[in-house]
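Asks: Can you keep this structure in mind? I'll have questions shortly.
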Amino acid sequence: MSGGDPGRTQRFAVVRTPGGLSFRFRPRALAVSAVCLLVALGLGVVLIGSGDFPMAPADVVRTLAGRGSPADSLIVNEIRLPRVAAGLAVGAALGLAGAIFQSLVRNPLGSPDILGFTQGAATGVLAVIVLAGGGSAAVASGAAAGGIATGLLVYAAAGRGGAHGQRLVLVGIGVAAILTGVNGYLLTQADIIDAARAVLWLTGSLDGRDWADAAPVLAALAVLGPLVLVGCGRALRMLEMGDDAAHGLGVPIARARLIMLAAAVLLTSLAAAAAGPVSFVALTAPQLARRLTRTTGPNLLPAACMGAALLVAADWAAQRAFPGHQLPVGVVTGLLGGGYLVWLLVTERRTGRI
Amino acid sequence: MPSTRSTQAEADASGPPRARRTGGPAPASGARAARPVRSRSARAAGLAGALLLLLAVLVLSLAVGAKPLSPAEAWDGLVHSGSGSHTVVHQMRLPRTLLGLLAGVALGLAGAVMQALTRNPLADPGLLGINAGASAAVVSAISFAGISSFAGFVWFAFAGAGVVAVLLYAVGGGHGATPARLALAGSALNAALFSYVNAVQLLDTASLDRMRFWTVGSLGAAQPSTVVRVAPFVAAGLVLALLLARPLNAMAMGEDAARSLGARPGRARIAAIAAVTLLCGSATAACGPVVFVGLMVPHLVRALTGPDLRWLLPYCAVLSPALMLGADVLGRVLVRPSELQVGIVMVVLGGPVFLYFVRRPRGRAAAA
């Protein structure tokens, strides 16, 4: 897959330090990342400024810098910032995880929504809500545990050396179908109040998120982000050329794949723990990033920045779409993502990539 | 069951031709060349055996439940209006059994036709999103149009199933689509449609209570009126599917070969999509989305009859309802006094089977 236009050359820039280190990067990819990040942060400021107590963006920025009035400071730092921070982190985590999955399975549709990981996180949460009636901390750990357990299950079911593209996809789809059934069953076992709460969670929502919700996914991004970007970006790019080529270029295939799979599953699970299984961000962000950077390869950093921008934009739209109704963000990403998906299916068919 | 003669024939042919069959994505023609043509009588005997099995499951479905009945009591309740078990059998178990019969026929045939049409061994109306399309349309009908009767939302179900079937075929059908691609496209559609279903349920908690039972796939709420209304659609789909056996057989050898044999691939394709839409739409409207029936039964049957659709389809039409009702009966027994919905039992049974297909060598060859 990883098409890209063969006619376009990929331009690299190289920076050499006096000490003999050198970095190679694509200026366009870096520019796209920067623009996405700026859009994400800008939307974040807008989002912080909007609500029942509106604030001008300038006030928001001043308050964030620590020079606002006490009242502003309370609203921004205690109430709205955690929600926006959670949104940015979840979006970035999903974008990054999606980019890793799509590279690993060599298919633009290979996102965690489709391979069963979000369903697994949902199973964990439903089990907590329905069977134990747990609070939000228990729900979050249920999501993380469910997602990680599903990751292990899929990896084990794919079998020795089976974690390559097609088989991983098919095993993931099978596991997703099983878990969907299990989730449906758990939903029928709940009383109607728990069921409504579970459906809200299953849709993906940022309502009422505080620092405790945002912290785990922020920490995961801080640790896994650099690890994946620096440590695995190259290996991932090689793996996209095929196992044989990558092996020939000296990539330790099995180990690289396992590490990246683990990182992606962890990011997905923690994102789901923070905001629920927000659909389609992991699918669309890497695709949009790839189109903007016009380069092949996993595009990890642009995908993460794009994910953050998408999620915050969707959250903003969800609060504005129906006056009087506050929709959960997952409804917006689901509807937009579904439309995008159909378009992707139709256009990508011609290029033969799906 | 195969006679001695045909098993002998198979033993003779199990050498080189079998090896040839493992070579590629194996269109049915290749497989047919490899498989011995079993005698007509052996296949007919097998079909009769399958019918007996179905009959036994039908009796079980009437007899097993919160109030267990002996087969004799069940029969008594079925035919004598005065008997003690009459109410239970007529009001609850008979509609449920008949609905399971119809839905099983529909889902199994739909799976078999889809597998033949897409030449994809992993095709299943549930996995490929056709049931999800019908579900999304039905949920919209329940929530936005306030329609709650089967007669009302069956048309929505057809519309939803039809749109997804056409879209899927446009995307994943035809040449160059590997099973993995089609499965991916289907499960992506599934994800999109079920996220829509979730969103609707969220905005309308009043309908959630009804919908959450319907969306797992259940026969528990079967009404006599639903059975009466769903029957004509399934019958029409059944006839259409059986008529398609010959053209789809021809198309398995490739479009050009089919054309030179006098088949019209374009027309057959449209008819096949119509049949799948009718079958999946009515089954989903009647008992919610049920996955894996259309995957498991055709696979099992192919091992018994070979890929000739003239035999495969009738076998599927008999064995799929047996599986569906068997799963339903199992669901009634497993967690007494409560019950597991048939869709959930099917997932638990079908999921591992699916993983087995994916993992065995031939599945891998087909997926590559």
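Placement of Cβ uses the backbone N, Cα and C atoms for every residue, glycine included.
The annotation transmembrane segment is assigned in TrEMBL to A:29-48, A:84-105, A:125-156, A:168-187, A:214-237, A:258-280, A:327-346.
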Asks: Ranking A:84-105, A:125-156, A:214-237 by the number of C-beta pairs under 8 Å to the transmembrane segment (A:29-48), which range is first?
Replies: A:84-105
Asks: Is the number of Cβ-Cβ pairs under 8 Å between the transmembrane segment (A:214-237) and the transmembrane segment (A:168-187) three or more, considering only pairs separated by 6 or more positions?
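Replies: Contact between the transmembrane segment (A:214-237) and the transmembrane segment (A:168-187): absent.
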Asks: At a C-beta cut-off of under 8 Å, are there same-chain residues at least 6 beyond the transmembrane segment (A:168-187) that contact it? List them, or none.
Replies: 104-105, 107, 110, 114-117, 119-120, 122-123, 126-127, 130-131, 150, 153-154, 157-158, 162, 195, 198-199, 202
